[in-house]
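If you check TrEMBL, you get these features:
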- K114: active site, proton donor (ACT_SITE)
- K78, Q99, K102, G153, S376: substrate binding site (BINDING)
- T197, N229: NAD(+) binding site (BINDING)
- D154: site 'Important for catalysis' (SITE)
Amino acid sequence: MSNLPSEPEFEQAYKELVSTLEHSTLFEKHPEYKTALKVVSIPERIIQFRVVWEDDKNQVQVNRGYRVQFNSALGPYKGGLRLHPTVNLSVLKFLGFEQIFKNALTGLNIGGGKGGADFDPKGKTDNEIRKFCVSFMRELSKHIGADTDVPAGDIGVGGREIGYMFGAYKAAQNKWEGILTGKGGSWGGSLIRPEATGYGLIYYVGHMIAFANEGSFKGKTVAISGSGNVAQYAALKAIELGATVVSLSDSKGAIIASEGKSIEPEDIHAIAALKLKRQSLTEFKHEGKYKYIDGARPWTHVKVDIALPCATQNEVSKEEAEALVASGARFIAEGSNMGCTQDAIDVFEAHRKSHGHKAIWYAPGKAANAGGVAVSGLEMAQNSQRLSWTSKEVDHKLKGIMEAAFKNGLETAKQYVPTKEGEFPSLVAGSNIAGFVKVAAAMHDQGDWW
């Protein structure tokens with residue numbers, strides 16, 4: 001990749017996958033997969049475009065829009081749209097690359113992609129956001145379709161923005177089809193979709209706990225970062241299952257519960273209302289129930305059994321990983337994409353290898369947070385059938401998908417990554433290899449490499 005501009009986020013994701021594959025027996029058993037790695041690491045297509053829109057003062061504004069259609073071997077490109085000032089091609093390539101293998105682990109027929117724009121929704125009126133979304137979709141609509149590319153929401157893109165974009169697509173293409181997921185329940189959306197990533201994360205970690213013979217969430221103490229959809233629903237489901245949730249956070253700081261106390265569901269709902277207004281946790285009136293730490297993430301301020309980073313990429317550093325290990329944390333799983341730096345992952349993996357069943361056990365986002373895209377895939381199926389499933393049906397399917405993703409990573413790790421007696425299998429290695437092999441095999445059968 002030396003002839004390319006620096007793309008640090010994408011390079012990090014790429015190197016993590018390559019390192020995993022090279023330190024397994026995969027290439028010894030299947031040396032031909034080295035060619036597949038070269039092919040899968042280059043997007044099939046990258047679309048870049050300008051988005052011109054007018055603000056409420058009738059001033060023309062312009063942003064950069066993107067769609068990275070990374071791999072369609074398993075089905076239509078699938079992955080979110082992110083609206084945030086930090087969006088650039090490196091970030092979207094990293095997210096799209098991760099999405100390929102995450103989607104493969106769901107067992108559904110969906111490929112990998114990602115998109116968005118460097119537009120900042122914060123401080124914008126509803127009318128300005130609507131104007132931006134209409135202009136953005138006017139161009140994107142030329143490149144997507146129910147059997148081609150089905151975007152979803154991501155940071156900065158919730159139900160409101162999906163609605164604006166869907167309406168713009170319908171007007172431009174004169175078609176009602178399932179070209180976006182995360183739609184409203186009365187016009188093609190799936191029940192459990194807003195909750196899916198958070199719920200799926202908890203279901204996945206539940207299998208980790210059970211495999212380690214550590215019981216269930218009941219009685220466990222959980223630290224969560226972030227305060228968006230993923231963090232909110234992960235916290236609510238963990239509390240429902242009997243856990244004590246001691247933290248939430250945003251880019252400004254973190255709230256920490258007092259020792260022995262849990263963040264309460266009604267406060268999570270209050271925070272959710274704040275976030276809908278795009279306000280920070282500094283506006284949350286907790287009347288002294290929690291400690292607010294300005295500019296901090298929770299990891300060095302808590303003593304927990306389970307840590308769930310649910311905010312954004314690289315939110316657990318090497319030092320924070322060491323703090324979690326030192327505090328006696330037993331399980332860490334990413335609700336965010338690439339939530340841990342490579343140095344942090346190295347800390348967790350070294351501890352896993354040296355401390356047997358007393359080690360901290362790490363699960364990567366491509367497996368642990370696959371619940372969101374899984375239910376997006378289920379929404380696509382419902383749209384194709386012109387049917388709506390009940391919450392119970394969707395939740396049952398989500399639980400099955402997360403169980404299969406856990407077992408797939410577990411068994412693949414056992415097959416390709418030797419472990420010592422009493423050592424947990426490497427879920428990061430197993431998940432990477434399992435997702436890669438499924439995509440590579442499909443590409444081979446379609447003549448993409450050989």
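Indices start at 1 and increase along the chain as displayed.
Note: Cβ is positioned from N, Cα and C throughout, glycine not excepted.
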**Prompt:** Whole-number Å distance between the CA of K102 (substrate binding site) and the CA of N229 (NAD(+) binding site)?
**Reply:** 19
**Asked** Are there residues of the same chain, six or more positions away from D154 (site 'Important for catalysis'), whose CB falls under 8 angstroms from its CB, and which are they?
**Response** G79, G80, L81, R82, L95, K114, G116
**Item:** Rounded inter-Cα distance in Å - N229 (NAD(+) binding site), G153 (substrate binding site)
**Value:** 11
**Prompt:** Other residues with Cβ within 8 Å of the Cβ centroid of K78, Q99, K102, G153, S376 at the substrate site?
**Reply:** G79, G80, N103, I110, G112, A152, T181, G372, V373
**Prompt:** How many other Cβ atoms are found within 10 Å of the Cβ atom of T197 (NAD(+) binding site), counting all protein chains shown?
**Reply:** 28
**Prompt:** Can you tell me how far the Cα of T197 (NAD(+) binding site) sits from the Cα of S376 (substrate binding site), in Å?
**Reply:** 10
**Fill in**
The most crowded of the recorded positions K78, K102, K114, judged by neighbouring Cβ atoms within 10 Å of its own Cβ, is K114
**Request:** Determine the minimum-neighbour residue: among Q99, N229, S376, listed as binding-site residues, which Cβ has the fewest other Cβ atoms within 10 angstroms?
**Result:** N229
**Message:** Restricting to the record's substrate-binding residues (K78, Q99, K102, G153, S376), give me the longest CA-CA distance in Å as a whole number.
**Reply:** 16
**Item:** Intrachain C-beta neighbours of G153 (substrate binding site), sequence separation six or more, cut-off 8 angstroms
**Value:** G80, L81, G159, E161, I162, T181, G182
